[in-house]
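Per TrEMBL, the features are as follows:
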ACT_SITE  423  active site, proton acceptor
BINDING   183  FAD binding site
DOMAIN    140-249  domain 'Acyl-CoA oxidase/dehydrogenase middle'
DOMAIN    287-438  domain 'Acyl-CoA oxidase C-alpha1'
DOMAIN    481-615  domain 'Acyl-CoA oxidase C-terminal'
């Protein structure tokens, strides 16, 4: 076995949970997944020449094909971390083929099904979960409204209770209250989770979740329900996003998902959680699963882009460095290395972080939910931003070939752009992260006890000191790297807390003080996310025995840490690095690019993405675009 193959296999084992290779095989076997032969290789990808309507129907046909072959067995009826990890692994595979099918399944299983699991009680589980798993019903998730997206607390749909009939009545009181962007609603969903303000005897009890039927078994829209199509989008046209209006729709009292709160038959509001803020937080828990799947799929999208762009750069030549000399491979240009290899290192780091996120998700407990919310918010934002930046750089690095849909990279940009704002706008999520860190800071100060949670235990230690001169060995030392990241985070948290307190002393409200401190909040959210990612990399690296693999991972980890230092102006802005040290960091990144160059093919091969799910330019692109290929 050659060194590239060996290193690829070992890296693959460290990057992935045991993968369902048979699912890749299932897709490659069926014409529904559009296999085609190009230059002797089989490629599979959706046919984006189809109309929006055709793409939507093809998504459902593919789901039906996978359903018949048992792919979704146990997704809602089996319990435990192993079953959940298997489900997440299958979602990874499906997202590699097509983002639309992953989102469509995510809405049905993770949002609709997850809401029933987490908000519902035994009566809901018994009635709805198996039928959901078998697609006897098709669910959607009606939270967002025309007038309210990230601000869920402000949604305007209203539900009242009719004590005479024992029914809830759901109403859309104004146009801004129409449910908007509801995946599955336009064509296929038969039922929905409705998020609505609950009014009991004229008093609002806040946002609650209800089950409502919107279509009958024949697919006809139910009475007092109006549905319209959201129309063509820049991507994800295999998902039928729709708009819903409720015209005093009546549903049984039992359709209130009542694990958090209930209403008795005589109209009494009942909840063990008396604090309205805590009740509201409990109602947002299903969004955690969405953020987990978004973060993970963003990493896989980055892997696809890099696998294609780097493979292309290892075969495409341009210009020569001496007269009559051979043209130079793109990846042998230092500038091309600088474009792609730092992004490759970041993708490795974020892959380890995504694995960590999946692990804490499947092992979640009521006590860990707050940490899960903060980490999933931070990583969803950071990983999806990284994905869009990576795809843009890969598209440009592939030149004109990056524009061709069959080469994936350019098209993936439009498919994944929505990740920046759905399941929470990234900027809002990062503000939530900083607000949670501030809350922990204030609590620790008030208790006069050490920090505990969110990885802030480093705040209990002495403040790290950055050496005045940074050598190459120091820059690649993981303790130095973690010290630099912890120094940034602790100082920004201290500065953020100080600035907010100053605004409070000036008479500003707590919320407005936080808004005014948004710049420090953004810097802090970034610092928290990058420190969290670096820690997961160090933890993964620690499991590898000494040898060449550990050496390569060490260079990737150093590249990740140093490129974060170079790109974040906070290191210079707040004086964590001198200008001379910043120059040393920049020089070391260039050095690491040249050291990682020989490993580039092994590093992208270890992603484990089958060749069929990449594009023609990742292989023999001359043969793929030869005249003979047009005659077949």
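Cβ from N, Cα, C; glycine included.
Quantities reported herein were computed from a predicted structural model and do not represent experimental measurements.
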* To do: Only counting partners 6 or more residues apart, tell me which same-chain residues put their Cβ under 8 Å from the Cβ of the residue listed as 'FAD binding site'.
  => 103, 104, 107, 140, 141, 239, 240, 241
* Structure fact -> the residue listed as 'active site, proton acceptor' has its Cβ surrounded, within 10 angstroms, by a count of other Cβ atoms equal to 28
* With DSSP helix as H/G/I and strand as E/B, how many residues of the domain 'Acyl-CoA oxidase/dehydrogenase middle' (140-249) fall in helix, strand and coil? -> 6 helix, 54 strand, 50 coil
* Which whole number is the mean pLDDT over the domain 'Acyl-CoA oxidase C-terminal' (481-615)? -> 96
